[in-house]
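Residues annotated as domain 'DUF112' in TrEMBL: A:20-441. Residues or ranges marked as transmembrane segment by TrEMBL: A:6-33, A:45-73, A:112-137, A:149-165, A:172-193, A:205-225, A:324-345, A:357-380, A:392-410, A:416-445, A:466-486.
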Amino acid sequence: MDILHYLSIGFSVALTPLNLGLVLAGCFIGTLIGSLPGIGPINGVAILLPLAYSVGLPPESALILLAGVYYGAEYGGRISSILLNVPGDAGAIMTTLDGYPMAKRGEAGRALALSAVSSFFGSIGALLLMVIFAPLLSKLAIQFGPSEYVWLMIFAFTCLATMVGKRPIKTVVGVVIGLLFATVGIDSGTGILRFTMDIPNLFDGVDFLVVVIGMFAISEVLVLLESWARNDLKLTPVGKSFVSFADLMAVKWVVLRSTLSGFLIGVLPGTGASIASAVAYGTEKRFAEGHDDKFGEGDIRGLAAPEAANNAAAAGSMLPMLTLGIPGSGTTAILLGALLMFNVTPGPLLFEQQPNIAWGLIASMFVGNIALLVLNLPMIGVFVRLLSIKQSYLVPVIVMLTFVGIYSIHGDSFDLFFMIVLGIFAFILRKLGFSLAPVILGLVLGEVLEENLRRALSISGGDWSILLNGTMTYVLAFATAAALFAPKLLKILKK
Amino acid sequence: MKSNIASLLLVGGLTAALNVSAFEPSKPSCIAPAKPGGGFDITCRILSTGFANAGITDIPMAVTFMPGGVGAVAYNYINSSAPDDPNKLVAFSSGSLLNLAQGKFGKDLDENDARWVGTAGVDYGAIMVRADAPWNTLSELVDDIKKDPSAFVLGAGGGVGSQDWMKAAILMKSTGVDPKKMRYVAYEGGGEASAALLGGHIKVYPGDVGEIKGLVESGKVKILAIMSPERLKGDFANYPTAIEQGYDAEWTILRGYYLGPKVSDEAYNYWTAQFQKAYKSPAFEKVIVDQNLVPFNMSGEALDGYIKERVAFMRGLAQEAGLTN
């Protein structure tokens with residue numbers, strides 16, 4: 001009953017006209033920011049934070065606004081992924097894999113609607129989990145040590161090994177290229193600069209967003225230019241498709257599973273929406289294997305899984321921030337900074353001492369997600385029109401947006417050149433039949449894997465047995481083995 | 001004739017004198033050499049809000065971001081592209097100085113390639129363990145460490161050679177244990193490190209006082225020592241310093257600002273004067289305290305000298321710890 005009581009306090013905060021207006025504004029701005037390539041939730045929140053502070057909003061209202069931008073961006077990121085094959089933010093990379101092929105088939109409307117609904121259920125599901133299991137999960141999240149992270153990453157790699165394309169070798173090569181990128185920068189275990197070539201911009205490693213935008217957006221532009229030169233530019237058929245009830249029924253378990261895994265991965269500090277969507281996609285692909293597997297060619301399950309997962313992860317990452325004061329992602333780190341600026345100290349006491357802030361935020365997230373769904377569904381018609389724009393106009397606009405977006409991260413022209421080089425490299429890879437997502441995942445997962453493996457080994461003093469130590473490591477190791485061998489075993493059993 | 005020349009000289013001198021006080025910033029900005037949300041962001045916000053609240057400049061100061069290598073990218077940018085721009089103040093921290101001391105800001109750049117102009121405040125290291133840990137004082141902990149240094153896992157929010165690592169190394173050194181024997185786990189930021197402490201993956205976390213208020217209030221960790229030269233005031237007044245407990249482990253995290261190396265004396269003196277004005281203003285102090293920093297007022301040449309001394313000291317530490325040759 002306690003929860004209901006607190007939730008009612010929360011809704012009384014969230015439904016005041018001011019906060020309702022802020023939620024709507026935040027969600028709208030977030031969707032816009034998320035849909036622009038290069039600019040993600042972290043930029044949006046960082047831009048609005050000083051504004052919220054100087055206007056003199058009360059802390060709960062400021063937080064409601066900023067959180068709205070955060071999860072609004074997770075909705076927006078899918079739009080350019082589906083329509084242009086350019087992920088709008090890091091969590092939307094996997095969305096390109098099946099979203100873009102759908103749009104090419106003329107089903108952009110269906111893809112956008114289905115992903116909006118999946119996003120919605122991902123968020124709402126995660127919120128419910130958060131309300132019910134908050135105290136338990138925040139305890140569990142900190143139990144998750146380096147060894148557990150190592151297994152989680154190995155599990156993700158295993159799921160992805162057969163991820164895209166018919167040629168697994170090319171996927172593996174792609175992952176290795178990503179791993180190579182992940183090794184650049186100061187090695188935290190020894191403090192030594194690796195592969196930085198004395199370029200200070202590389203000291204912190206290759207920026208993830210620069211790689212994503214360079215490889216996806218710039219290479220996409222090059223592909224468009226190529227077909228323009230050959231004079232075989234085809235306008236993507238717009239079509240009037242929309243999501244059907246049968247579609248929703250077909251993905252209901254996919255969404256449920258992805259929400260659960262996305263939420264749990266979001267709760268863990270250090271892993272966010274990009275890893276959550278990759279794991280969800282990989283898992284679903286494994287599940288679907290054998291029977292009518294069209295992943296990578298516009299399968300609705302491949303679209304629903306990452307979208308449900310990235311939104312669930314965004315909600316999940318709020319949990320350790322609110323309950324422990326530990327940010328689970330870059331964006332929540334800024335939100336945490338915002339709380340501290342308002343002299344609100346997050347921690348277990350926050351829920352009891354200042355229920356209007358903690359529960360007001362949670363209630364506003366329910367409201368915000370409903371608003372986002374209502375906002376997004378009717379606008380699909382408008383978004384889809386984007387495809388009817390002639391490429392000769394669209395391409396320069398994409399290029400401009402990516403340049404502005406990337407420049408805004410570091411304020412340094414090095415990233416722009418680097419992005420172009422990566423774009424050309426990615427274009428060559430595409431011509432050779434490689435898929436780009438494995439490269440990006442190699443980069444993200446590889447970094448987390450290496451860091452945690454090194455941590456585990458420095459804790460144990462080089463003793464590898466630390467990797468199998470505790471229930472959670474056994475569970476994850478078993479899941480990895482299952483993902484690796486289950487499809488083969490099933491085949492044998494069927495015979 | 002003579003008087004003409006004299007008056008000419010006088011006029012010339014006057015204009016020169018006027019010029020000295022005539023430097024006016026136009027579109028001043030503070031460069032935070034990190035992504036939004038971190039310590040550098042806060043440093044710059046202290047400058048922009050603090051100066052505005054104290055009524056020092058009526059021109060709003062913009063904050064721009066230039067992340068990379070704890071300030072290395074910004075340091076290189078200022079030196080190569082805007083060494084004489086009097087309107088660009090760049091935030092730095094002890095972490096930047098430490099990297100500078102190790103030559104990680106580029107081979108050709110050292111502490112003489114900037115004009116250190118003012119400070120935002122200081123923060124101190126704090127040695128923390130979990131609330132249910134068996135140690136209640138620093139010496140109890142140290143006794144256990146000494147028994148078997150390599151069985152003891154310390155962790156903090158930065159890699160080897162960062163200032164988080166340095167706090168751990170200094171603690172070890174003060175107990176007479178070789179820092180090279182320390183088992184150190186590098187996390188990405190203080191948040192991850194405190195999660196690892198709570199989860200029991202690391203045993204000791206040397207964090208920063210300014211970051212841990214929430215953690216301490218939650219009652220899940222205890223502070224064994226503060227790495228400040230003397231006791232802090234306010235919320236942390238009850239915690240003893242390491243020095244009080246007989247260990248020479250001090251780590252002050254300084255946050256401040258520099259200008260490009262070729263910025264004119266007029267502009268440098270102008271900004272120095274602004275900082276001195278700010279230090280007298282209670283409004284400026286409040287902004288600093290609100291960000292959980294301790295005021296530390298030093299500007300102009302005095303700061304410049306102090307920084308060079310600190311960097312030299314750090315260079316020595318880094319060599320001792322085997323980080324540089």
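We number each residue from 1, going along the chain as drawn.
Cβ atoms here come from the backbone N, Cα and C positions, even for glycine.
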Using a Cβ cut-off under 8 Å, which residues of the same chain at least 6 positions beyond either end of the transmembrane segment (A:416-445) come close to it?
93-94, 96-97, 153, 156-157, 160, 163-165, 167, 170-182, 201, 206, 208, 210-219, 221-223, 274-275, 278, 296, 402-403, 406-407
Interface present between the transmembrane segment (A:205-225) and the transmembrane segment (A:392-410) (three or more C-beta pairs under 8 A):
yes
Within the domain 'DUF112' (A:20-441), what mean pLDDT does the predicted structure show?
85
Is it true that the transmembrane segment (A:6-33) and the transmembrane segment (A:205-225) have 3 or more Cβ pairs under 8 Å, skipping pairs fewer than 6 apart in sequence?
no
Against which stretches of its own chain does the transmembrane segment (A:205-225) lie, if we need a Cβ under 8 Å and a gap of at least six residues from its ends?
37-38, 40, 84-87, 90, 93, 96, 181-182, 184-186, 233, 274, 391, 395, 398-399, 402, 405-406, 409-410, 415, 418-427, 429-430, 436, 439-440, 443-444, 447
Using a Cβ cut-off under 8 Å, which residues of the same chain at least 6 positions beyond either end of the transmembrane segment (A:172-193) come close to it?
157, 160-161, 202-206, 211, 429, 434-447, 450-451, 454, 458
